[in-house]
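Participant: Please find one structure pasted underneath; my questions will follow.
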Amino acid sequence: MNGDLNSWDKFCNYLWFDNKLNIWLDISKISFTRKEIDNLEEKFIDVFSSINELENGAISNIDENRQVGHYWLRNPSISPSSKIEEEICADINEISEFGKQILNGDIKNKNNQKYTDVLWIGIGGSGLGPILITDSLQKSSRGLNFSYIDNVDPFLISERLEELSEKLSTTLFVVVSKSGGTPEPRIAMEIIKSHCENNSLEWNSNAIAITMKDSKLFKKATSENWLKIFNLQDWVGGRTSITSSVGLLPLALINENIFEFIRGASLMDEATRTVDFKNNPAALLSSAWYLTGDGIGKRDMVVLPYRDRLQVFSKYLQQLVMESLGKKFNRKGEVVNQGISVFGNKGSTDQHAYVQQLRDGIDNFFCIFIELLDSPSTSIFDKKENPKEYLSGFLQGTRSALSSENRQSITITLEKLNCFSLGALIALFERAVSFYAELVNINAYDQPGVEAGKKAAANIIEYQQKVRNLLDEGGEYSINDITSLFDNSVSEPIFFILREMCFGNDNYLVKGDWSNPNSLVIQKINS
């Protein structure tokens, strides 16, 4: 066996299929030899052991001293205690029942009206997961209409309020924050809450929190008597929260089967517990990533789902893969700068965009094609020109064109897209990420870079208030004047703060030239 990307024997030897899941995985167009894959197979003895310990409740997130329990969510019986098992089962049943009550009209607003919409407020995995759920699975005119605030962009918040202006009284406001202290959802929540109160609209009786017990958000929702509080466990990270209440509540509110979603994820987990390397799809997938990137992430991952409903999947994988694997240090404390960059959109659109570079430009990537075999049961398509067949042809053609230039790829094929298969697909990548992290000996479950960014942002927000207070006192100030009062190392941030404050704001008089920061003098003229 050699690294030939077009070997039929290699294709047959490394094609994985499961007839319970109806999912295929083909890694044959990754360049590797039998010796390389055999050597890697030996490493998986320790990988499988580590994942088994994780699932049994070991403190796998050493840096944060936490268990990692998202795999328990789809099979509560494997959780390390009966208390956790009972809690998970109760949460799932509570969400399912709540969804039915909302959709049936058993739970209505203060005016005895059925709810029509959901405004979902969440950042990172608390936004991306639900967006993936609704984009992939929601059928037209089924369930509640979903809108999202997954950023503190003032235009986004304003647009959402305008879009829902006539329906705010029948809108559920879902706020997701594990700790309750994340600034973005808190700021958006306060703006929406204030808008409702200023317009004599209900907030408390329409509001739902998804958070940890006894968090700041939990206490707020409890004291204000919000409509509902759903549990988000301490041992569930944001990027792996889609099989928790974060993903299950959207499923319930669009009238999809949350139990099928969980079952799909659970069956994929089960398939990836086998220690038979060549029959373990997550082992094969993570091995392909490892081999194509020489174990140090040399190649970017380009995700190309050939179905519009999975367009968000590449964004979802960006967080799952990059936040999990993008680490400066390994578990020994050695600098390794690990990571795999992820981007993508959808096929066949991308064939008319950057696939040109993928085939003929710099060879620094591998593709993951995602194929669906199903088609709508409709008579509107001409049998001679069925778009499904064209789409399949475009995928195979692109795959072939890339391999003809020795450009590497992986293909994942699903029989159909539904709750079950989406749950399985997500679980496959979650497991592959866990396996890859074990291969390269990094902690996949912390995010020190994200925390550093949060701290830096908090410092800037503190300076914003200091600058505002200083200008409120009166007088003219240059950037040097301001930095000399605070910290001479923050001249650039002070410039950005002043620019953001002054443009489009008549309360400030600016003298000087914005292209020459040292010439600027700012004074507040209106209160």
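Using the three backbone atoms N, Cα and C, a Cβ is placed for every residue, glycine included.
Got these off Swiss-Prot a minute ago, pasting:
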- Glu323: active site, proton donor (ACT_SITE)
- His352: active site (ACT_SITE)
- Lys454: active site (ACT_SITE)
Participant: How many Å separate the Cα atoms of His352 (active site) and Glu323 (active site, proton donor)?
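Facilitator: Between the Cα atoms of His352 (active site) and Glu323 (active site, proton donor), the distance comes to 29 Å.
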Participant: Please report the number of other Cβ atoms within 10 Å of the Cβ of Lys454 (active site).
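Facilitator: For Lys454 (active site), the count of other Cβ atoms within 10 Å is 14.
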Participant: Measuring Cα to Cα, tell me the gap between Lys454 (active site) and the residue listed as 'active site, proton donor' in whole angstrom.
Facilitator: 14
Participant: Using DSSP and collapsing to three states, where does the residue listed as 'active site, proton donor' fall: helix, strand or coil?
Facilitator: helix
Participant: Give me the non-local Cβ neighbours of the residue listed as 'active site, proton donor': same chain, 6+ apart in sequence, Cβ-Cβ under 8 Å, ordered along the sequence.
Facilitator: Arg239, Gln447, Val450
Participant: Please report the number of other Cβ atoms within 10 Å of the Cβ of His352 (active site).
Facilitator: 10
